[in-house]
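Noted in TrEMBL for the protein shown:
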type     : residues                                               : note
ACT_SITE : A:K207                                                 : active site, proton donor
BINDING  : A:A10, A:G11, A:L12, A:G13, A:T14, A:V15, A:G16, A:A17 : NADP(+) binding site
BINDING  : A:K107                                                 : NADPH binding site
BINDING  : A:E192                                                 : L-homoserine binding site
DOMAIN   : A:351-431                                              : domain 'ACT'
2 protein chains.
Amino acid sequence: MTKALRIGIAGLGTVGAGVVKILAARGDYLAAACGRPIELVAVSARNSNKDRGIDLSGVRWESDPMALARADDIDLVAELIGGSEGVARELVEAALKAGKHVVTANKALIAHHGTALARLAEEKGVALNYEAAVAGGIPIVKTMRESLAGNEIRSIHGILNGTCNYILTEMETTGRDFADVLKDAQDLGYAEADPTFDVGGIDAAHKLAILASLAFGTEVDFANVHIEGIEKISATDIAFAREFGFKVKLLAIAEKVDGGVVQRVHPALVPEGTPLAAVSGVYNAVAVDGDRVGHLVLEGRGAGEGPTASAVLSDLADIARGLILPPFILPAKKLKAPAKPAMDTHKSSFYLRFLAVDRAGSMAAITQALAQASVSIERIVQRGEAGKKASGDGRLPVVFITHETDEGTMARVRALLAEHEDVAGTPQVVRIEDGELR
Amino acid sequence: MTKALRIGIAGLGTVGAGVVKILAARGDYLAAACGRPIELVAVSARNSNKDRGIDLSGVRWESDPMALARADDIDLVAELIGGSEGVARELVEAALKAGKHVVTANKALIAHHGTALARLAEEKGVALNYEAAVAGGIPIVKTMRESLAGNEIRSIHGILNGTCNYILTEMETTGRDFADVLKDAQDLGYAEADPTFDVGGIDAAHKLAILASLAFGTEVDFANVHIEGIEKISATDIAFAREFGFKVKLLAIAEKVDGGVVQRVHPALVPEGTPLAAVSGVYNAVAVDGDRVGHLVLEGRGAGEGPTASAVLSDLADIARGLILPPFILPAKKLKAPAKPAMDTHKSSFYLRFLAVDRAGSMAAITQALAQASVSIERIVQRGEAGKKASGDGRLPVVFITHETDEGTMARVRALLAEHEDVAGTPQVVRIEDGELR
């Protein structure tokens, strides 16, 4: 049997502890499956006294994580600290420079510095694996990187943030509003005390930027992801969406268009009956459209100890088996600088909700204004079941579903309605993704 | 750049032609992604004059496929002929013995001879890859073989035959009966002239036997798959199932139970709202339950030129990248001979449909008979919406949903009802899979 793959783990939070548990429980299996043992040599974490339910006897404790990058008896550093800068970044860079393989679950790090780190890994001929950084236990990185080699990818549609999907599912099920459900999610540990990264769409955008690079052979380009969060989605929107046959989801979409690749994260109305509409609670899912394979959907748990540790183990096993690939499929020097088509050329139909002043002729005035802005309307609901509780005070809840139009036009319509004398307050605008989601 | 991986393709049906097309269209990309070109050196097929829409200039034509196994200038043979015996088997054996890698889409071959072929491949240190043999374009073999290394697998639930799923979906949508829809499917090319392998469950069983080996570290054991097809499912059953909140699917299930692994293929009622219930038409899906990752569901196209060729390309790319793994994860000599727990210890609830004689006291007599057989009833529908057109003639359509009971008991109940004076004709019995299908 070949000699062991000797690893050091930095960070013993839930994921790090989960990895240690699997290595202990499945050591013999992994050795047989990989043709060599995976040996845990050293760990580093902030607190050496905490009880993590893991046995670290015989494992060296390093108070300084950077010691893992320097150690002669370590072949691979697993970075499970997190954060795009600071210790995590320094450790990964140092480990790669020292010619050690790196496995990481750090989406922010890869989204911000993926291409540069890939260059470094390739120079040294080592692996930089990050399956756990995208969609937790779902093997989407390996699928994109290896299984879909025969395909030109047309688009990716993902539900990549479990916190948002949990909140939207709860809002739908209970009819409660965003702030209320968010607070519960925080109490249950499904949302962070500072939820900005999750509900603001940033976490999903990190993951999307990584997937887009894999899909389209471009440098990782987080800076150009269009990002909107779910903070403005109300229970009323979710109820109206249901009346029209849609669910509201935070989608992360990357697609080829004339002029380049659009990357966008935003709430969207998704038709019921499609696989992504059915993804509920903390689950994640990714739908990939390839020119040969057609539509492929992967669904599973996007976070948590077990799923994330499972993904880290997949990366460790690959390296133990000797599979050392360029991190983004093509050698980093061959990755294209992504073209950045303006988001305002993007076209879709839109859900448009606002309160109209309840007077004779107000609807006529509003629809005429829309017609003048060249937006044609597919459906109108005045009040509706979902609007009943939102109406009163001489204001009438109105929802329009538009035909396909572009973002630029819609931005003008939004401004126009916000100022219209027959419209009260700010109109709500949500994109509809009625494209091929299977 | 390392020297090319030189391949020979045997069989130029839709899949073989699809592979040739991808190699032509994506040659440069594959060379960059794999670090070496994949070069098509020779092909062999029955008819050298047929127009397949592919350019074979510069490619050697072998009238005898066995010549591919003998050729000194070929590193890898892609067997795309099909069938568990005959030329396909001889070619794969000869190629492996000659120290050539083999890629195949042949589920019957791997289901019947997988373990022996794996032994041969491992002796020679070559790859035997078969991603395309299971669920077409869905990367389930690679997911089981590589991505889930950190997991003990608890169960697999699959929709593995697109023909059956198409027929059941059509029956549900149109209310037409099996024979009628099958004929249409044959006319459309979705079903073979001899549909036995598909509708009889054998094709799904081939795929299941392969997945069970990967999941449980056992030798491939097709002989012990319990197989029932969809031939006896009627439009009435599908309509009744819907009344109870179920879809009817042909499921392929492998699960760990006390005493070993149960492998079974049969129609089942699947609760609406679960991912497998939502898989419609020719789509395939596999739900894997792992102890760390939890529930993971992969859905995509299970057949056809593009999806199957995509899977073959995944196998070719892996080998070009130097990834040579034991075909069934563990070295073949470490695979366990599977224990074969008797199917009659399997427990589930059941859907039970029959025509009762429409007389006072008949239902009382029947329910009493069931109680004496120790089967308890969760729900009863007499006639129902779905039964209206099936009633008349003094016979009353009745459906029971039982509480959980074992197969042995249910077999006795089936016999008992068949002979009961208040029951007309043969009762229909379908298992209900209300377990964790997400």
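In case you wondered, yes, glycine gets a Cβ from its N, Cα and C as well.
Heads up, TrEMBL stuff is auto-annotated, nobody curated it.
Note that the structure is predicted; figures quoted are calculated from it, not measured.
For A:K107 (NADPH binding site), the same-chain residues that are 6 or more apart in sequence and have a Cβ closer than 8 Å to its Cβ are A:Y130, A:A133, A:V134, A:D203, A:H206, A:K207, A:I210. On a Cα basis, A:E192 (L-homoserine binding site) lies 19 Å away from A:G16 (NADP(+) binding site). Regional average pLDDT for the domain 'ACT' (A:351-431) in the model is 85. Ranked by how many other Cβ atoms sit within 10 Å of their Cβ, the binding-site residues A:G11, A:G13, A:G16 place A:G13 at the bottom.
Counting every protein chain shown, the number of other Cβ atoms lying within 10 Å of the Cβ of A:V15 (NADP(+) binding site) is 26. Helix, strand and coil residue tallies for the domain 'ACT' (A:351-431), in that order: 31 helix, 33 strand, 17 coil [DSSP]. Secondary structure at the residue listed as 'L-homoserine binding site', as computed by DSSP, is coil. Look at A:A10 (NADP(+) binding site): DSSP puts it in a strand. Most buried of the binding-site residues A:A10, A:L12, A:A17, judged by other Cβ atoms within 10 Å, is A:A10. A:A17 (NADP(+) binding site) sits 20 Å from A:E192 (L-homoserine binding site), taking the Cα positions as reference. Of all the recorded positions listed (A:T14, A:E192, A:K207), A:K207 sits in the most crowded Cβ setting, with the most other Cβ atoms within 10 Å.
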